[in-house]
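Colleague: One structure is given below, represented as structure tokens, and several questions about it will come after.
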Amino acid sequence: MSKQIGRVAAFTLLLFGVLFVNLNVIALVQADDLANHPANRRLLIREYQIDRGSIVVGEEAIARSQETEGDLQYLREYPAGALYGHLTGYYSFILGRSGLEAALNEDLIGQPLEVLAQNLGDLLFARDQAGNTVELTLVPAAQRAAAEALGDRIGAVVAIDPRSGAVLASYASPSFDPGPLSTHDAAGIRAAWEPLRDDPDRPLVNRAISETYPPGSTFKLITAAAALENGRSPETAFPDEVVYDVPQTEADIGNFGNGACADGGTISLADAMRVSCNTVFARLGVEMGEDELIDMAERFGFNRQPPFELTVARSAIPKSMDVPSTAQSAIGQRDVRATPMQMAIVAAALANGGQLVEPHLVRAVRDPSGRLLRESSATAWNEGRFDSQVVDETVADQLRDMMIEVVEDGTGTQARIDGVTVGGKTGTAQTGGDPTVWFVGFADEEVAVAVVVPQAGGDATGGQVAAPIARAVMQAALAAS
Amino acid sequence: MSAATGTSRRTGEPRTGSSPRATEARLLAFAVVVTVFASMLLGWSQSPELPPSAVLTGVALTVVAIVAHLVVRATAPGADPTLLPLAFLLNGLGLVFVRRVDLAAGSDLATTQTVWTAVSVAAMCVVLVVVRNVRLLSRYQYTFGLLTLVLLVLPLVPGLSAGVINGAQLWIDVAGMRFQPGELAKLTMVVFLAGYLERKRALLSVSSQRIGPLLVPPPRHLAPVLVATFAALVVMAGLRDLGSALLLFGAFLAVLYVATGRAAYPALGLVAFAIGASIAYQLFAHVRVRVSIWLDPWSQVTDAGYQLAQSLFAIGTGGLTGAGLGGGRPQDVPFSATDAIFVVVGEELGLLGATALLVAFLLLVVRGYKISLTARDEFGTLLALGLTVTIALQTFVIVGGLTRVVPLTGITLPFVSYGGSSLLGNYVLIALLLRISDESRGRPGGRSSGRRRTIGRRRTDAAGAR
């Protein structure tokens with residue numbers, strides 16, 4: 001019988017061997033897939049046991065965690081509601097994370113989630129883990145001014161400190177309140193989410209960074225930069241035509257209001273900028289050729305991904321254009337498209353002596369005891385073949401002066417602020433239907449701004465609609481500094 | 001040392017040093033210390049101050065361990081020294097993890113389980129005192145056989161039955177206490193089988209007929225195989241208890257194989273079982289559901305496959321070292337205190353802890369086989385083997401079920417799961433193994449003398465049968 005007992009024992013060992021092997025497969029090989037399976041709430045609950053750090057603007061927390069009873073221990077709150085909704089994003093156990101809640105998750109958690117509760121010491125003595133506080137560069141007054149000035153209009157505002165790249169305001173309208181999307185009530189989240197998702201005005205889209213629009217006449221800044229670098233000066237005279245006869249096409253380009261820009265004789269480049277003269281800039285584009293235009297746009301950041309905490313859509317200019325296209329693109333129509341963030345970067349570079357800086361939202365990260373972990377500083381945006389000095393200082397200053405003229409005595413007078421040097425450029429892009437209107441500019445060296453209002457209404461212009469919004473935001477930013 | 005021990009065994013003088021009982025005492029102390037330490041860790045994971053429950057568990061277990069040790073010392077001084085410590089280690093960890101589930105669920109099962117521990121160890125002591133000679137049991141084999149049937153159908157008897165609970169009808173209500181007679185039925189069945197097969201093994205071993213490639217005994221001797229298969233299927237259908245059916249049938253085949261020495265029996269049994277199982281699959285919806293969950297739990301994670309998916313999540317999330325005692329989520333796994341207790345261990349102690357637990361079972365099983373090998377007579381051999389296979393299979397069926405090796409069926413993990421009847425049954429099982437191992441003392445490796453003795457007895461039995 002002992003032989004048979006041996007075989008039964010061997011069979012038993014085999015069964016246990018299968019168990020051991022299988023346990024190893026589950027706990028080691030499949031562990032990640034199992035831990036991250038959507039129906040497995042363990043990591044989620046562990047994550048909600050963290051006292052997630054606050055996101056702070058000025059003195060106030062715009063995202064903070066509140067302890068609750070229940071499985072999901074901490075509740076995320078957004079005291080400022082929709083004002084910073086696109087920036088903070090939501091923190092939802094159904095929808096996941098978006099905005100800075102997603103981008104800065106590791107900072108807000110304090111340490112990578114995988115490290116959590118993996119050692120006995122943590123488990124016994126440090127169960128209440130707290131995340132780091134993230135301080136933003138935003139100026140609350142400027143942000144509020146942007147929201148109030150836009151009002152019910154669809155549109156977006158981005159304001160940047162030209163010297164540092166610090167984003168002072170970034171608001172898109174309509175916005176959304178992340179609060180209801182971040183509760184612990186699944187039905188409530190869906191009830192709040194569905195109307196937002198289905199709203200034709202798309203409040204979930206952050207138009208400041210994630211949508212591109214035809215930049216219209218604001219693109220003339222780039223055309224002019226190319227011209228100045230190519231031997232023209234602000235005084236260079238151009239024929240003042242009612243219509244520019246674009247080579248190779250019937251579709252000629254006229255001016256806004258269908259007249260000449262000055263007296264019908266000649267007009268200087270600076271004056272053409274001041275009154276936003278389409279015929280001059282279309283002619284300039286064709287004279288210089290597509291390559292100059294594309295190159296200058298790319299140096300300012302087109303066809304590139306701006307470095308930023310949140311994902312910014314690429315602003316685009318076609319890599320090759322025929323002559324009619326070049327004429328259209330030189331005045332910011334046709335296939336040229338830009339985000340408000342990109343145009344604010346352009347304005348900032350011109351206010352900053354031609355130096356391109358990386359935009360950023362995070363000023364500092366502090367641990368729960370207040371110790372500074374990380375601080376951001378002005379960083380030049382250069383990469384690959386692109387130097388951060390987009391144009392030399394002389395060209396930048398010439399453009400800057402031309403922009404000041406625009407506000408002093410041109411299309412941008414509505415942006416004037418007493419006692420402050422304000423420069424700018426208006427834009428009114430005709431794309432069929434209502435125009436998309438723009439204002440990009442700066443006040444002193446302290447704030448650069450871009451405003452877009454798409455579908456602004458039949459006879460709206462950048463000067464009438466966008467310039468006052470920019471003015472309000474610049475004024476608020478200056479007052480706070 | 002070993003020579004000295006051998007001498008003392010033979011002369012029956014008081015044992016000192018590394019006698020089995022001294023070894024047992026040390027191992028028991030180790031088991032209790034491990035339990036107390038785990039209990040304290042669990043307490044600290046919840047609050048900085050040690051909760052009274054942690055102390056209570058430690059004190060209760062210590063007292064029970066001392067009593068058990070003294071009774072074994074008095075009634076079975078030569079018994080295997082590792083059985084009791086292994087049982088206590090598993091039992092103690094079971095108490096800790098049942099307490100862990102309590103903390104998550106707001107229940108108080110651990111206190112009840114502590115009481116059941118005391119009752120079960122008392123039962124073990126009673127068996128040790130009453131059954132001074134294991135052959136005593138073989139005399140009542142048919143009584144045990146009948147008892148097995150009675151125990152199995154008890155939950156179906158109106159008035160006693162506690163009804164269908166969690167899809168199975170396994171419990172009876174007696175004076176407000178819920179009891180699972182099937183947990184004892186597996187013991188009585190093994191006693192019956194050991195007795196029956198010891199007597200019939202000669203008949204079943206000789207004469208062969210050829211069916212295809214298989215050499216089989218005459219059809220009338222096949223009857224037990226068919227009857228047992230049928231009984232297993234009846235249990236499966238009537239009580240909706242796949243796990244117990246598998247367990248009983250597996251133990252039966254193992255004992256049959258060892259008794260007859262013929263591989264044809266388990267082979268035939270497996271064929272019969274396969275046919276029976278496929279018929280059951282056609283006939284019973286709950287069997288089909290179990291199989292479909294086993295094949296694909298992921299498409300039904302929110303309903304039928306919920307328990308299996310949650311079990312795999314728990315073990316997978318636990319990873320190598322686990323979430324730590326108190327760091328898991330037993331509340332997410334259905335039946336975490338009973339059927340799925342292994343999952344809680346896997347999540348909180350990780351692969352390492354779960355492996356350690358299985359190793360404890362493996363050691364217990366290996367000792368069981370050793371006792372079977374060295375038993376004084378064939379009845380003892382077959383009984384020890386049957387009991388050991390029962391524990392091994394039960395562990396395999398539930399752990400394998402929770403980890404998707406086999407379809408998941410709700411049975412307990414011996415000693416660890418919450419449940420009084422299971423605990424009681426398993427301590428009685430340990431008592432029997434202790435008794436058999438005690439009887440074999442003084443004849444280590446004594447198969448030759450054993451064989452001689454049993455051959456003589458078999459002749460007598462065969463004559464008597466005529």
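These residue numbers are counts, starting from 1, taken along the chain as shown.
Backbone N, Cα and C define each Cβ position, glycine as well.
Automatic prediction, not curation, is the source of TrEMBL annotations.
Feature list, courtesy of TrEMBL:
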| type | residues | note |
| --- | --- | --- |
| REGION | B:1-20 | region 'Disordered' |
| TRANSMEM | B:25-44 | transmembrane segment |
| TRANSMEM | B:50-71 | transmembrane segment |
| TRANSMEM | B:83-101 | transmembrane segment |
| TRANSMEM | B:113-131 | transmembrane segment |
| TRANSMEM | B:143-165 | transmembrane segment |
| TRANSMEM | B:242-260 | transmembrane segment |
| TRANSMEM | B:267-284 | transmembrane segment |
| TRANSMEM | B:349-369 | transmembrane segment |
| TRANSMEM | B:381-403 | transmembrane segment |
| TRANSMEM | B:415-434 | transmembrane segment |
| REGION | B:440-466 | region 'Disordered' |
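Any idea what these are sitting next to in the structure?
Modeller: For the transmembrane segment (B:25-44), the list of distant contacts is 50-51, 53-54, 57-58, 61-62, 65, 68-69, 81-82, 84-86, 88-89, 92-93, 95-96, 99-100, 103, 325-326: same-chain residues at least six beyond its ends, Cβ to Cβ under 8 Å.
Under 8 Å from some Cβ of the transmembrane segment (B:50-71) lie the Cβ atoms of residues 21, 24-25, 28, 31-32, 35-36, 39-40, 42-44, 84, 88, 91-92, 95-96, 99, 110-111, 114, 117-118, 121, 124-125, 128-129, all in the same chain and six or more residues away from its ends.
Panel annotation: around the transmembrane segment (B:83-101), residues 24, 27-28, 30-32, 34-35, 38-39, 42, 53, 57, 61, 65, 68-69, 72, 107, 109-110, 113-114, 117, 325-326, 328, 330-331, 336-337, 341, 344-345, 348, 357, 360-361, 363-364, 367, 413-418, 423, 426-427, 430, 433-434, 437 of the same chain, lying at least six beyond its termini, place a Cβ under 8 Å from a Cβ of the stretch.
The list of residues near the transmembrane segment (B:113-131) in space but at least 6 beyond its ends in sequence, with Cβ under 8 angstroms from a Cβ of it, reads 56-57, 60-61, 64, 67-68, 71-72, 75-76, 91, 94-95, 98, 137, 418-420, 423-424, 426-428, 430-432, 434-435.
For the transmembrane segment (B:143-165), the residues of the chain that approach it from at least six positions outside its boundaries are 137, 171-174, 178, 180-182, 184-185, 188-189, 191-192, 195-196, 231, 235, 238-240, judged by C-beta separation under 8 angstroms.
Sequence-distant contacts of the transmembrane segment (B:242-260) (same chain, six or more residues past either end, CB-CB distance under 8 Å): 170, 182, 185-186, 189-190, 193-194, 197-198, 200-201, 204-205, 224-225, 228-229, 231-233, 235-236, 266, 269-270, 273, 287, 290, 378, 381-382, 385-386, 389-390, 393-394, 397-398, 401, 406-407, 409-411.
Within the same chain, residues 80, 82-83, 86-87, 89-90, 93, 315, 318-323, 325, 342, 384-385, 387-388, 391-392, 395, 399, 414, 416, 433 sit at least 6 positions outside the transmembrane segment (B:349-369) and bring their C-beta atoms closer than 8 Å to a C-beta of that stretch.
Residues 72, 76, 79-80, 83-84, 87, 90-91, 93-94, 97-98, 101, 109, 112-113, 116-117, 119-121, 123-125, 127-128, 131, 134, 177, 179-181, 183-184, 186-187, 337-339, 341-342, 345, 357, 367-368, 371, 383-384, 387-388, 390-391, 398 of the same chain lie 6+ residues outside the transmembrane segment (B:415-434) yet bring a C-beta within less than 8 angstroms of a C-beta in it.
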